[in-house]
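As written in Swiss-Prot, here are the features:
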- 12-51: repeat 'WD 1' (REPEAT)
- 58-97: repeat 'WD 2' (REPEAT)
- 102-141: repeat 'WD 3' (REPEAT)
- 147-186: repeat 'WD 4' (REPEAT)
- 193-232: repeat 'WD 5' (REPEAT)
- 251-290: repeat 'WD 6' (REPEAT)
- 301-337: repeat 'WD 7' (REPEAT)
């Protein structure tokens, strides 16, 4: 087994710590929580992470999620007040320069597309919204997708294409894309296998695979099959299909709330209601179409539910967790020699 070492505990949030988002360069971290604030952390001269800024005037209720744009210039925050705020530092200090309104109640997740020209949000109102970045500080709704039958927990863009995935309380994952002929967004696949709420999803670096985690205490790996694939998987309407190729069961004793697929190492990290963080590695030589994963690390990480886990995009082995206990923790994973 590898080693998960606690590097630092970042304190300051009051109440639950919910979301965490690494800046694309990996040198800045944004976190948010029940205290209606966003904290921006960076390393000081002694390489300790410190809170550089606290943003407290953007939302009137819990902030559930934060995400940096791919260019690193903008930070989006999703709140239970039904809005999404867009922050930037153009003036030298962080300011909220746009507020996206339209959801009927709590916004649970926000995600930027790879190009940075699209933003996705999802809510307890069962809808997924796609927003176009029209011009500076202007965002236009490009689509309202009402395909889920329950609360939508998570949205995540494909790492290379304008394909969007969403996870829901209705136990399914939906995939969406735009019909370029008529600019209409629609769902082209529904991934069904989980037996309870799907809390979170994460694409691998290639975008050909998706990991999901659920209230059913499992993690599932989904593989994309394109039309004309050599595995004989049929693709109706000449559209790629996604199939569950692996289920990780028996590792988690409570709901699995978040999952992060490291784009550099290929390692999976999970955040669980049993207060644990676990690391999984694909077994070398296993078939991508029937992969096997093994647990290569685990840690009792917090004193309450772990809400978020996210690998740093540039520093291999560095990850952040947030918890109901109010703490944000930084960890270093060292594989077994």
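Here, residue 1 is simply the first one shown, and the rest follow in order.
Every residue, even glycine, has its Cβ placed from backbone N, Cα and C.
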Confidence summary (mean pLDDT) of the repeat 'WD 7' (301-337): 97
The repeat 'WD 7' (301-337) touching the repeat 'WD 6' (251-290) per 3+ Cβ pairs under 8 Å rule: yes
Within-chain partners of the repeat 'WD 3' (102-141) [C-beta distance under 8 Å, separation at least 6 from its ends]: 61, 64-71, 74, 76-80, 82-84, 86, 88, 147-162, 164, 166, 168, 174, 176, 185
Within-chain partners of the repeat 'WD 1' (12-51) [C-beta distance under 8 Å, separation at least 6 from its ends]: 58-68, 70-72, 75, 77-79, 87, 94, 307-308, 310, 312-315, 318, 320-328, 330
For the repeat 'WD 3' (102-141), the number of residues DSSP places in helix, strand and coil: 0 helix, 24 strand, 16 coil
DSSP helix/strand/coil residue counts for the repeat 'WD 1' (12-51): 0 helix, 21 strand, 19 coil
